[in-house]
Amino acid sequence: FFHAVFPLAGVTQSYAWGKVGLESEVAKLVASSDPLVHIEPDRPYAELWMGAHPKGDAMIRDNRIGQQTLGQWIADNPGCLGAKVKDTFGGHLPFLFKVLSVNTALSIQAHPSKELAAKLHAQFPEHYPDTNHKPEMAIALTPFEGLCGFRPVEEIVSFLQSVPELRALIGDVAAEQLERSVSDDPRGVSAALRVCFTRMMKSEKKFFVDQLNMLVKRISQEVAEGKDTSGSNGDLLLRLHSQYPGDIGCFTIYFLNLVRLEPGEAMFLGANEPHAYLHGDCVELMACSDNTVRAGLTPKFIDVLTLCEMLNYTPAPSSSKIFPATQSPLDPSVYLYDPPVPDFTLMRIEIPSSIKLYLVSAVDSASILLVIQGTAVGTSTAAASEMTLRRGSVVFISANESISLHLSSPDGMLLFRACCLL
């Protein structure tokens, strides 16, 4: 267990929604960290997985350890997790760290709670591969947009009044119930919202395709006439419809908040929170699971009933979806994103150009470090040799180990570090 700090090679995933070739932040990071990698100009580089998930287990890049994945190495050396993490999570790395480069929208989805995950996995193991929950957090690397959580009811009601095609799908009875609920107690609002959203998601295919086509035609005409279509969320509707024509997911823009993140801003998605990433690049940190319940904007298996049943129907403004980072009282270079779940915490480390020697301090948890910008030589008593760190480098750091960075770039460094602070 001597070589407890070592470089990793992440695993890229080529999902169809990813940015292609060197337009992708994922591809740029991979190419920068390993000049021998050939980036195919037409291939989507959607995700980079940095962790020990069986669907994308990172390779260790350390001659003294040999050809081994991170998952294999952790299984042989569970002490590297830290005593508390090892005991709490049964000897497994509790998080999966990723970079995403989103070109077209991801599916309308939510991730189950632990209880629901266990039930879904027992019933449909081919669609729900594990029994874990999957809370996740996205931190923007470039301007990033996504749909997240239900809008305030007043906004939804306003769309029901200005988008007749939407109202047709839901029906007057359910729409009026939502309109009346605005003055209700929150439970009444959530119940009315559940009815409206479920009616829309379960409407007959032929009927909703007709309504969608009418809506798209109407908005396209209004755009051609130079009219303002923001009252029917026209820009976003046309964009999603061009990506997924005839898909029920296009209508969810009237229910869900559009959240825009600037680089460094984050959103946290707890269990049962409806969301869909739309465009941009981010780092993402989540519990180690691949459980996703989908219901639109996707060619994959969709499970509308489960999704409509499980969602959190609590309306809230889009501003409430931005998750704040707090500057570390111990180190002004560190900003902490510490969500209300035990599985993971993310640190954004911004080292100013005035600092030439920086200590990545020891924490009582295994962690994974990703370099976004800057170069340094890293040394550690627990590393086999010194490591050159540059854009795209990924390093595994065992619990209670530290790395000294000898910075060589004039502009300082930007790093993200995923860990589990119990």
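Cβ atoms here come from the backbone N, Cα and C positions, even for glycine.
If you look up TrEMBL, you'll see 5-153 marked as domain 'Phosphomannose isomerase type I catalytic'. The annotation Zn(2+) binding site is assigned in TrEMBL to Gln109, His111, Glu136, His275. The domain 'Phosphomannose isomerase type I helical insertion' feature in TrEMBL is assigned to 169-256. According to TrEMBL, the feature active site maps to Arg294. Annotation source TrEMBL lists domain 'Phosphomannose isomerase type I C-terminal' at 336-376.
Across the structure, Arg294 (active site) and Gln109 (Zn(2+) binding site) place their CA atoms 4 angstrom apart. Summed and averaged per residue, pLDDT over the domain 'Phosphomannose isomerase type I helical insertion' (169-256) gives 96. For the domain 'Phosphomannose isomerase type I C-terminal' (336-376), same-chain residues at least 6 beyond its ends with a Cβ under 8 Å from one of its own Cβ atoms are 8, 29, 33, 50-51, 74, 80-85, 88-89, 93-95, 97, 99, 135, 137, 139, 141, 264, 266, 268, 270, 283, 285-288, 323, 325-328, 330, 388-422. Proximity of His111 (Zn(2+) binding site) to non-local residues of its own chain (separation of 6 or more, Cβ distance below 8 Å) is seen for His133, Lys134, Pro135, Glu136, Leu269, Ala271, Asn272, Glu273, Ser289, Asn291, Thr292, Val293, given in sequence order. Using a 10 Å radius centred on the Cβ of Gln109 (Zn(2+) binding site) and all shown protein chains, the other Cβ atoms total 25.
Listed in sequence order, Ile108, Gln109, Ala110, Gly146, Leu147, Cys148, Gly149, Leu256, Leu269 are the same-chain residues at least 6 apart in sequence whose CB falls under 8 Å from the CB of His275 (Zn(2+) binding site). Using a 10 Å Cβ-Cβ cutoff, Arg294 (active site) registers 22 neighbours. Taking the centre of the Cβ atoms of Gln109, His111, Glu136, His275 as the Zn(2+) site, the nearby residues of that chain (Cβ within 8 Å, site residues left out) are Ala110, Lys134, Leu269, Glu273, Thr292.
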